[in-house]
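Comments concern the structure below.
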């Protein structure tokens, strides 16, 4: 939930004067204010994205900026696997609040390099590594907190709405950072850093981890109507709440009775059915999403020949589609009770839509707007569903027998694996783009197809469950 500001990857567009490092892009879709969008400058001040038109004091400036950006992405991907383990063993309120305050601190330190007149690469790389590590406290913690409050019945829809903060944060982060980008670029880091630290303090003061802490009935994470009908008072059917109508009894039965369950191990989380498949699927889904978000302004500028400002404005429509896609995916998966099938269908539709966008999506402003929103819906819909509702479902899987101490670890494994794809996507696009934009889109379509294939086993199991349910209802 915390914003990260990082430099763009090698070969990416929209770099402002490298003499002062004035281009800013924020990284982390689950940030409160962050954005990983490259916002190019207006055409009046920057006639071209071509490096030959940039002011630079180093010939290898793109590689230097890429090193700063990749330092964050790699640190975040590695740190995520560790962060979930700590998240299960520490109070989430303290853990998340400390992570937000530290994220604000390191983001501000990055911007202070401008005012302190620091021109050493190691300083910015070190700050980004620290920033990537502390920001891993965010996503596992917030998904765990939301999962503690909402059961499986409407979890997809609720988390789809909640997850819209990632796309809203992308847009807000870019707008906030862009205010000072042409003058004192250090403020583009310091101001979001201060906002993040303030929100960390607010989180510490007001966050409630469990419904039971305020005498609310905890949610039910598993539904088994047949067993409930046969034995409605069997506590196994409802690991988080019993059938008593008294709220205090329900809260005490889930929080106070019996010893505190032990946190699950890393290998134990991997053995939960579906964790490996969804993790690898997210790797390729996030690869596609991050490549779009990093490279879209450059693609629109070069292929559609819009102005730099128009390219930046149009690229935000991908985030608008992401908001719609996340809500749609959650709503459909709740109605059909099939997370994997929903993701698979959206990924299947995304492949031809990306192909069409590359060939006919740049014929005019109307086609660009429509195609960008549709691509955002189909690309970011599965990505949003997996990182939220799917992670919460697997973290409270029935095989855990009511132990919810796996939620943070499972979320960290899934999002950490996806972050590997987030680091690889823009890097691969930078290597492939010199051979032509068509090859970049072929790479994205291939990644999309691989994401679909990784869900085949889970989709097959859901289809069998549908057949069984239909047979019982007809009987």
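Cβ coordinates are placed from backbone N, Cα and C, and glycine is handled just like the others.
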Legend entry - Per TrEMBL record, range annotated region 'Disordered' [choices 191-217, 218-244, 245-271]: 218-244
Legend entry - transmembrane segment according to TrEMBL, located in which of 94-116, 117-139: 94-116
Inset, instruction - With the transmembrane segment (162-181) as the reference, find which of 64-87, 94-116, 316-333, 406-428, 440-460 contributes the most Cβ pairs under 8 Å. - result: 316-333
Inset, instruction - Select the range from 340-359, 365-386, 440-460 that forms the most Cβ-Cβ pairs under 8 Å with the transmembrane segment (316-333). - result: 365-386
Legend entry - Selection from 275-296, 340-359, 365-386, 406-428, 440-460, the stretch that has most Cβ pairs under 8 A to the transmembrane segment (64-87): 406-428
Legend entry - CB contact flag for the transmembrane segment (406-428) and the transmembrane segment (275-296), at least three pairs under 8 A: yes
Inset, instruction - Look over the recorded stretches 275-296, 340-359, 440-460 and say which has the most C-beta pairs under 8 A to the transmembrane segment (365-386). - result: 340-359
Legend entry - Non-local residues, at least 6 beyond the ends, that sit with Cβ under 8 Å of the transmembrane segment (440-460): 274, 277-278, 280-285, 287-288, 291-292, 295, 299, 338, 340-341, 343-344, 347-348, 350-351, 354-355, 357-358, 379, 382, 421, 425, 428-429, 432-433
